[in-house]
Structure formats: C-alpha cells, structure tokens
Amino acid sequence: MGVSGLWDILEPVKRPVKLETLVNKRLAIDASIWIYQFLKAVRDKEGNQLKSSHVVGFFRRICKLLFFGIKPVFVFDGGAPSLKRQTIQKRQARRLDREENATVTANKLLALQMRHQAMLLEENNKKATALANASVQNERQMPSSMTLDNSEIKPVLNQRKNYLKPDPYQLPEMDVSFDKLGSSYDPRIMSQDELTQYVSSFTKIEDINLFDFSNIDFDSELFQSLPDTDKYSILSAARLRSRLRMGLSSEQLSEMFPNRMDFSRFQIERLKERNDLTQRLMDFTGMNEFGPSRVVSEKNREYILVKNEGAEGGWALGVISGSTNNEPIIIDDEATKLSSNLIDEDEDEAFYDVPLPSRSHSMNPRELVAAKLKEIKENSFSENQQSDEADYNVTDDLILQLATQQSLEENKKSKELFSLSASEFDKLNSEKKTFEILSTDIPAEDSMNSLLNDEENLKLEHVGDVSNDSLAFAEKKHPENGTSIFMDALPSASREKKTNDLIDPLPFQPMDWGKSIFFEKLKKPTETFMDSKTDIPSEAPDNSKLVEDTNLHTINATVNIESDLDAAKPGIENPIISPLLPVKDDEKDLDLRELNPLEPFENMKEQADDGTVTNPLNVSSDKAMSVYLLSSENAKDTGDIKSESIDAVLPTLETSSPSLSIPTDFQKEASPNKGAAALSSKVEPEVVEKLLDEEEEEMIIRMAEEEKEYDRFVSELNQRHETEEWNQEAFEKRLKELKNQKRSEKRDADEVTQVMIKECQELLRLFGLPYIVAPQEAEAQCSKLLELKLVDGIVTDDSDVFLFGGTRVYRNMFNQNKFVELYLMDDMKREFNVNQMDLIKLAHLLGSDYTMGLSRVGPVLALEILHEFPGDTGLFEFKKWFQRLSTGHASKNDVNTPVKKRINKLVGKIILPSEFPNPLVDEAYLHPAVDDSKQSFQWGIPDLDELRQFLMATVGWSKQRTNEVLLPVIQDMHKKQFVGTQSNLTQFFEGGNTNVYAPRVAYHFKSKRLENALSSFKNQISNQSPMSEEIQADADAFGESKGSDELQSRILRRKKMMASKNSSDSDSDSEDNFLASLTPKTNSSSISIENLPRKTKLSTSLLKKPSKRRRK
C-alpha cells in the first residue's frame, strides 16, 4: 500500500529512464507487492480470481527483465511488525465487511433486475389497458334505456369465448414450487433412508436359480395356491434351467453317460420337460386360448389366423373375400342424413376460432344481437344458403348473384303476400319463423349513428329484447290504429359476412353523425319537410299520419355493403339520406312500418327473366336496406311493438353518388286492414348541394382538428419513448455501478496465501534467480541492500520504500512506455527540501502500513499542515491546536491563516486518535528489522525442462507455448554473455553525481493548490535537514544564514574554483573578496553573531576549515 497519495506529491521529481540503459544493473525487486498486484488486478469479468495468475505474471515479468539484461534480486516479506499486524487486523475486519458487502451487493443486483422486470411488466400492462380503453371508447355506446334479453345466445357465445386452443408446449402446473426442486427434500428424489430400504429389499431376496425345480409338482394344490407372480417366476426359471447342461462340462457328461443312447434319452426328457413348461407358461399368459386373431388387413379382404383343431394342429391363415355383391348397400335416408349432420355439427362445434388474448375484448350488446340475428338468418334461409365456412369464402360475384336471385324471389313472395286476406295473413304469420323486436325510446341522433357501424357490415344499431325459444311475434293492440305490421327478421337479400373480432382502435376520431351539418339539416321541423317534396297518398287514413307531434325514435337497418363504402365512413363523402326525416317534438313511441315498393321489382323480375337486370334506382351490386316507417303512438303507452314481416328491398345508392334519389313512382299501395301510409320523397339537387357545401367545410375543420390531435399524439409518444430510454439508461448505469462495486468487493475480500508465495519462489529457482526472505518488511530490506551497495536500485510500487531510507527507486517498469520512472532522494531534497523525516510525518497524516492516518486529509492538506506546523514537534502542536478547535477554546489568533480556516471547517469530520502522532511509527521506519549480510548475489541459468514441467502443472501450458516465449529470451541471454554488449558513456559518470545521465522533464502541475503547497514547503528551511558544515560556516562568516538554493549553489561553485587553483595569498584575498561580495551592504558594526536569527545554528569554529584544507 505505502503512503496514501505520496506518489502524487513526488511526481514532479521523476526522471524518465530508458530500459536499454539498465543493462547489467542489479535491481532489488519487491516480490510481495507483485503477488498482491496480480491477486487484485488480474480477474475475470465477474470479479473472480483467475487461477495461477501470479505464476503467469511472474513468468512474463521475469522474461522481460532477462531480455533487457537486468539482474534482479527478489525480496519477499517476512513476519509483519506489531504495528503492521494491528493494521492488518483492521483491514481484515474491513475485508470481512467487504465479503458481507459483496453478498449485499449481489442481493441489490438481483433486486434491481427484478424491479426492472416488474417495471417492464407494469408498462406492458398499462399499454394493454390503454389499448383496451381506447377500443372501448371508440365504440359507440348504446343508450342505458335499451335492454337486451340474451338468455338464448349467451351459452353459445360463452362456449366460443371460453374455448382456447391448447398450447402444445405449455407444461402442466406443478404441485411443488421451484424452490423445493433439487433440494434434499425434493419429492422426486429418493431420500437416503428410502434408498437404503430399497437396496436392502433386494439383498434379502434369495436367488431363485439356486432352487431345484426337478421335484416340484406344478399340478399340486400347493403350487396352484401361490400368487400369480410367484408361479410365473418359478415357471420361467424352471424353463430356463431346463435349457442348461446342469453346469457340467462335456467330459463330465461323458463320464455320467458312457452310453450315447442314455445321453440321447436324457436330452429327450429335458426337451419334453421344457416343452411342458413352455405350454404351462402359454396357458398361464393366455396364449393358448382359442379364437381368431387378425394379422393383416386389406380392402375388401379379411385375413384371419385360425387354430387348426385337427390332429395335425397348428394355425391356418384364412382369407375372406369382400366383393361388392356381399357388401351391404347403405341407403341414405332422411334419418341417416339428419344424424350425420348432427354428428358433423358436433364435430364442428368442438373447435372455434378464438381471438388472441392480448387483443380480445368482451362482446358488447350490439355484437350479441348481431350473433343472434346471424343464427336466425341461418335457420330462416337454410335451404337457400350454404354453410358459414362456404359463405365466408365466396366471391363478390357469387354474392351479387345470390342477392339478385333472392330479391327476385322475395318480390314474388311480397306480391303474393299482399294478395292474401287478413285470416290467411295471420295463418302465414304463425307458420313463419320470425323474431320480436322490443323497441324503447331512442334519441334521433343515435339512430343515424347506426348507418355507419362497421367497415364491412352495417349492423342493427338499436334493437330491443330478443325473445326465447319460440321466436314468435308477441301481439300487441295499439290504441290508435289497432293494426299489426308483419316485419321479417332480416331482408333475404342481405348476407352477413364474417366480421373481425379484433377491433383495433381507430387512428382518428369516429364521425359523429349527430353533430354533423348533414344531420342538423335533417332535424328541421315537420312543416318544412311537409312543404317540400313529400307526397302523402290520399288513401292513408287520418289516424295514420306519419308526422304529427312525433320524433324519430328508431331506425332499424341491416345492410351488407362492400368495401367501396369504406370511404363514406370517415369522410362523409357519400352521405346516406334516408327517406325518413325526423320530426322534433314531444317524445312518443312510434310504430315501425316497412315500405315495399312493388312496381320496380316487377320490372326487375321481368328483366331478370330476360337475363338482364337493370337497377331503376342507379344502385350498385347487392347493397340492400330495409327502411321502417314510424307512425305515432300514445306517449304513455310503453308496451311492445308488434311487427309483422313484409319482405322488402331497400333501394340502395351508388357510393359515387353524393345523394339518394328516390323516384316518385315508388309508392306503397295502402291496404284497408293495414292502416299504413306509403311515402315517396325526393330531395331537390339544390338542397343537397347546399348540404354538401356545408358538409365540406365541416370536414375541413374536422381534418384540421385531426391533424392537431395527431401531432399531440406523436409528441406524447416521443416523450414517453424518451422517458423509457432515460429509464433504461439509468437502469444500465445503476447496473454497471453495482457490478463494479461487486467486483471491487470480491477483490478486496481475497488475500495472499503461502501457496502463492511458494509457487513464485519455485519459479525463481527454476530461472536461476536469487531471492531472499526479509525478516520483516521487503521494502526495508531493499533499502538496506541499496545502502550496502549490493544492488544498484529498487523496483517497487510501494512508496514506503522512501520512508525506510530508499534513495533510488524505479517505478512503472512494465508499462507500455519505453521509459521507466526514476525517483531520487537527492532530487526531493534539492527541489522541495523534503527528507525522510518529512515523509514519515506525511505518513502520520495520510496513513500507511503502520498507521491509519486521518480521515478527510489528502496530500495537499497534509503538506499545508506540515508547512503550518514545522519542526520536530509540529504534529504535536497541530494536535493541541486541533483539540482547542474541537473543544471550542480556540481564540481568533488560532484561526488567522487560510490553512487554519480551511481546517476549522473540517473540525467535525476529522478525528484525531488518542495516540496521534504515534512515536512507534517513527521508530518502525527509522530502525526496521533487516538482514545486514554483505554477501553478494549469484545468478544462474534457467532450467528449460523443469520450467516446462512446472508451467504444465501449474498453468496448463503446453511445451510449444512455453517455448514460444522462453526460447528467444534464453538465446538472447547466451548471446549477450558470450558476445558481450557495448558500454555506454553514462556509466563513467556514476561517481559522486549519478544524476547527469537521466535528465528531468519539465513538469506541469495539475493542481494549483498542490503547486503552492510544494513551493511554500520548498522555501522553508527544515530543521531535520541541516545544511552542510561548510555552507553553514560560510553563512556564519558573512552574518547571514540563508538556506536557499541560490546561496548553496553559489558557494559550491566558488569552492570548486578554489580547489582547482594553487594555494597562495592572492588566492586567499580573492576568496575573501568573493565572500565579501556575498555579504549584504550593511553597516559592518552591526554584523555580529548575536544579531543573527536564532533559528539558524551558527558555528564560528568552521570559518577556518576552508583555509586549512587549502594549506594542506
């Protein structure tokens, strides 16, 4: 570890050195810190330690040192000092916390991922809910006053809704949770007791083959009383034993049966016994039971294996020919057809198309009614229609032909219907399968909404209750007219297509016909309508006025249109103008009557007989619609409306035509017993044109609003997407932080073991490199080796080496750069006036292997504290001053500098230990336990074979991979040993000054505050690093005690000049003149030793030393 942040302080004094200049240098290497680095740094992605990473790291670094010709000496840590053991214990406590924190972090990771999954699930649920709500809102709501009796159609619909196609890959639910699976109490796995009991059950069973079956009477009552399993086992074992030779060899059998005939008789007896046992087994298993058994099958033929009852026995294969004459002829009668249809229907009902769960929705009442109507239509027109599946697949042309044909047939039926009398009418009514529509009060605005209901089908919008099984009309007497109308369930020309159950929300707002300009024009009073193009036949009775104090309550229409009406739905480009216009007045119930114009259909029938059909109304394809007229009724009467069916076909309109033009000759002949009025109406082109102009303006306004709504929708989606991206980014960032924290906690939890140290030492022995184990600290031993000149430098990344007295340290030797960082203690003294004792003081503040340091104190603040409190007792003075601040007894003078003000703000955060500063820390650094032996080191030759085997055993490297790295290094070593290397010029300058060959680079401080702290520390004269005696004597002689670099450099230059000259009096005078020039211009009478500063120790006895050396 070293001193925290010390490398940052010493970085300005580093020198770059090339690796090529370190040839034949003896370098002491701290091996313990290498192992520590490999343990902490070399890990996998999950933060786990890689196996044998320390061996691989040592091998690579050793090869690099040997390649550059460096002679390393490895030093391992020994026993730790007491102070370090205390620090290690504290760190172990922290390491235990790290292990616990690693578990906590893993739980946090799991919780974060689970929370993320829950957020995604919740977001998906919100989107599904929003989608469902949007689809529900886009659907038109039915009035609350309308009720529906769905007692008949509910079971069928529920059957379709509840049925889901089974997923072949969906596994059944388990009775046991996943937590119990694979555990010791997993019910699928036998426990230890059960396994022991199961094994013991087999060990207790005696081998049945050991018994003698020759004396067993298989027909005895005792044998027959045995269980079937035992009898079968005994018979099987006896039969198998009969095939053996009793375990005797051929020689033994020859001795037992010297006569070959006796041996043959013995074999025949064994054969008879085996056959008897085989027959008993066949009888026991039922194989001998008589009866035919089929062995093969072919059309019109039957193969039967029959047992032969004759004396010859055996089995015979018989063939029975199934010719057509012998086969029965199946007659398809009505009962058979009916039963087959029922079976087919049952088989068809077994499977249904089920919508996707994510897009499905509950069926609203409108869809329930549509389903019921579809069922009624199938029952009513079963002979003229095909099945649903065939109907879904027919083409448009076929639909057109069917619709035209049925409309012609219904035209004929309608003519016959009008020719019937009232009694015949009632009789026909009782025989037809019809249904009842119970209508309630419905606003007129909602009635127009029924015209545009679906993309493909215009369904029945507002209907009443559907009756039960009888599906008959309920008769109701009207108080005013007392008439009943025959209304059919559906127009026979209309054919309902298969609708899509998956109703997606529209990307635009649905058209509200109640608010359109078209419908506003339709809501004019009755008088306006009567004054315009409306003709009421004179045959209509007075009590049957169509428009008299009434409102339009219900328009029931079922229309099947093609996809060419899609444009008319959102854009109102093809409005449907009903011939029935609403009358705004008091709300009253109205009767439904149906217009059935006859003359156009007669013409259509005649044209159809000729082969051509001409639409008198300019209609398109098979689009048909039933229009029901309303007659007034008493408002108080809320009973059911009895409707009798009159088949009619609505004149349909072209989608290309903007309006509906109804000819005036479309009139309904009034019947005396009907009491209904026929209505033929037409709209003037000018009125329609005016309506269309206003409609286009309304459409433009709506499209502009739709554009604005779309922009708002897109912006909301983008904002939501950005929010989701931000949430995802935050999640990824948090996940990355937790993973890094988990890796660091795993790294801090591991520690160096003795096995790692032994493997590294074995590798060094195989390389022939010397290594030693220090008594205590490896850094201290390296410093001692450098002091004894057994090595030329120290290679370590531990800054404690300077505190132990290391003066030449190499750092970052194995990085990618070609330069190594060299730190010299002389540079520290010259540049920053820092010595070993100052570094130890920094260790008290920053923390090291021997002390924990002070919290909230960094390298810059530590330098400022040492500058503010200098001297040997500086740290003690700092402690007293800080205690005054903590207790609140500090005066204003105690906080009179920027540094003290800064420290005053950290009073509650900095905690001083009671033993601070601990003098034992100084003693441990100044006087460590080291080996003082001066025995020189020897370097050997690597053992290639042993290295291969060692790397194979520890790392798993093959011989080829080891040779790829090791052979070039060994070859280069031999080449340098025998050929030699060229000497460089720098080795001749390593006498007194060893720094000339490693020039320093100008350093730019990253922190201005650090630069100021080092500068202030540099200008201060340290009491622990006194000037040399000669410099001090010169300062005493001239009445000034400057410890600055300028004074020292000038005096040293002068002394070199003096030493190069011969001793003479003139030289003495010149020296005196030179020294006088250094003296400040002050009064000579004022210069005395007493006037010098106290902090400088003056020694006048050294004034004559230069002259004495000169005389010698």
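Going from the start of the chain as shown, residues are counted 1 onward.
From the backbone N, Cα and C atoms, a Cβ is placed for every residue, glycine too.
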One of ASP750, ASP849, ASP872 listed by Swiss-Prot as binding Mg(2+) 2 at the site of ASP798, ASP800: ASP849
Swiss-Prot Mg(2+) 1 site partner of ASP30, GLU777, GLU779, selected from ASP77, ASP827, ASP838: ASP77
Whole-number Å value for how far GLU777 (Mg(2+) 1 binding site) lies from ASP849 (Mg(2+) 2 binding site) (Cα to Cα): 10
Three-state secondary structure, which DSSP defines for ASP798 (Mg(2+) 2 binding site): coil
C-alpha spacing of GLU779 (Mg(2+) 1 binding site) relative to ASP800 (Mg(2+) 2 binding site), in angstrom: 7
Structural state of GLU779 (Mg(2+) 1 binding site), classified by DSSP into three states: helix
Those residues of the chain, 6+ apart, with a Cβ under 8 Å from that of ASP30 (Mg(2+) 1 binding site): VAL75, ALA778, GLU779, CYS782, ILE794, VAL795, THR796, ASP797, ASP798, VAL801
Three-state composition of the region 'I-domain' (742-870), taking helix and strand from DSSP: 65 helix, 16 strand, 48 coil
Cβ neighbours of ASP800 (Mg(2+) 2 binding site) where a neighbour is any other Cβ within 10 Å: 26
For the region 'N-domain' (1-95), the number of residues DSSP places in helix, strand and coil: 52 helix, 17 strand, 26 coil
Lowest local Cβ density (other Cβ within 10 Å) among binding-site residues: GLU777, ASP849: ASP849
